[in-house]
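A short write-up of the structure that comes next.
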C-alpha cells in the first residue's frame, strides 16, 4: 500500500491544484487553460537509472519467488504441508512485482496518474491486498513455527495439507478485509485540477487503521511469537547443558520437533530429515580404521586363546568395542567359546554404547541447530522491520500531526520503495539458509541448462 499512500501524502503537500481528474496526460485547470503532461521531476539519466534499478528488482522478485514455487511443487524433500505457506507467500510477492510495482514506477517517473480512475481504484486495492497479504503470511509462518515447537506431537497430527490450505485462505480473507476500503473510500480528486493523481483516502482514521491492520498488529504478533520461541530455545539449551554427560541406562533423551533442544529430533537435518554421517570422514578413511580395529581385535583374541583365558562377560572391553572382536572370540577353541549369557551381555553392551554415542551426537546437533534457528529468526524479524517500519511509522505520524511531522519528500519515497524490497528478500530469507531449497534450485537451474547443452 506504499505507493497510494505516498500519492496521498504528496497531494496534501502540493495543495489541491496539484490534483486532477483527467483521463490521461492532459487536464483543464479552473481558468479553462489546457495543460499538457507535467514536466518530469527527474532528468533523462535519472529516469533511465531508476527504471533499470526497479526493473531489476521486479525481475529478481519474480524469478526468486517462481523458483520457490517450482521447488516446493517438484522436490520430494519440500513437500511438507507447512511449505505451502511459502508457495502462497511467493505468489503474493509475484503479484506485487507484476501488478503493483510497474504502475508505481510509471506513476513516480511521469509525476501523474496516466491509467484512468477505474484502474486507479483497482490498483489501490491490489496494492494494499498483496502487500498486506505478504506481511500476514509472515505472521502465519511465525505462528506455525511456534506451535510446531511448543506442541510438536499434537500439532504435527493436526497440520495436514487441508488445514494449512484453510489457514492460507484465512490469510487472504484477512488481507482482503483490510484492502477492501480503498475501493469505496479512495482519494476523491477536486474538480478543475491540473493533473490526474491516484491516492488513498487521506483521512486520519483510514491512515491509522490501515497502518495498524497492515503492519503494527502483525508485527506485534510476530514479535511476541518469536520472543516466546527464543525463550523456549534458551530453556532447552540450558537443559541440555545441565544434562550433558554420559547417557542414561537406556541412552534415551527427550524429543521434540524442529530440533529445538530435542535429542532425538535434533538428529534430523536442517529440514527434518535424518542427519547424514560425519561429513569430515571419508569412506576410505572409515573403512581403513575399521580394518585396523578388526586386526587389533584378532590379535587380542589370539593372545587370549594362547593364554587360555576365557572371554570376559559384561565387562568386555576389546570385544565390546567392535563386533568383529565378538565374532573372533566366538570361534571354537579351548577357552575361547562364549556362553550364551556372555553373548547376550556383549550385545547389550554394544547396543548401549551405540545409543550413548548417538545421544552425544544428537546433543551437539541440537545445540548447533538451535543457534542456526535463532539466527534465521533474527534475520526474518530484522529484515521485516527494516523494510516496513520506516514507511509505516512516518505515514502514521503524518496521519496524526500532518505537516508538522511530514518528512522530506525524497526520504519518504525511499521508505516506501524499501517496503517493496521485502517482497524480493523473502525468498532469500526462507530459502538460502535451507539446504533442500539450495539443492532444488541447483537441480532446477543447472540440470535444465545441461540438457540444453546436450541437445
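Glycine is treated like the rest: Cβ placed from N, Cα and C.
Noted in Swiss-Prot for the protein shown:
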- 1-47: topological domain 'Extracellular' (TOPO_DOM)
- 48-72: transmembrane segment (TRANSMEM)
- 73-84: topological domain 'Cytoplasmic' (TOPO_DOM)
- 85-110: transmembrane segment (TRANSMEM)
- 111-120: topological domain 'Extracellular' (TOPO_DOM)
- 120-198: disulfide bond (DISULFID)
- 121-143: transmembrane segment (TRANSMEM)
- 127: site 'Implicated in ligand binding' (SITE)
- 144-164: topological domain 'Cytoplasmic' (TOPO_DOM)
- 165-187: transmembrane segment (TRANSMEM)
- 188-203: topological domain 'Extracellular' (TOPO_DOM)
- 204-227: transmembrane segment (TRANSMEM)
- 210: site 'Implicated in catechol agonist binding and receptor activation' (SITE)
- 214: site 'Implicated in catechol agonist binding and receptor activation' (SITE)
- 228-376: topological domain 'Cytoplasmic' (TOPO_DOM)
- 241-340: region 'Disordered' (REGION)
- 291-302: compositional bias 'Basic residues' (COMPBIAS)
- 377-400: transmembrane segment (TRANSMEM)
- 401-413: topological domain 'Extracellular' (TOPO_DOM)
- 414-434: transmembrane segment (TRANSMEM)
- 435-455: topological domain 'Cytoplasmic' (TOPO_DOM)
Confidence summary for the topological domain 'Extracellular' (1-47), mean pLDDT rounded: 53
Interface present between the transmembrane segment (377-400) and the transmembrane segment (48-72) (three or more C-beta pairs under 8 A): no
DSSP three-state assignment (helix, strand or coil) for residue 210 (site 'Implicated in catechol agonist binding and receptor activation'): helix
Integer Å distance between the CA atoms belonging to residue 127 (site 'Implicated in ligand binding') and residue 198 (disulfide bond): 12
Beyond the flanks of the topological domain 'Cytoplasmic' (73-84) by at least 6 residues, Cβ under 8 Å: 141, 144, 148, 159-161, 163-165, 168, 271-273, 436-437, 439-440, 443-444
DSSP-derived structure type at residue 120 (disulfide bond), helix or strand or else coil: helix
Local Cβ density at residue 120 (disulfide bond) - other Cβ atoms counted within 10 Å: 23
Structural state of residue 127 (site 'Implicated in ligand binding'), classified by DSSP into three states: helix
Folded-back contacts onto the transmembrane segment (204-227), same chain, C-beta under 8 angstroms, at least six residues removed: 1, 5, 128, 131-132, 135-136, 138-139, 142-143, 145-146, 178, 181, 185, 377, 380-381, 384-385, 388-389, 392, 395-396, 398-400
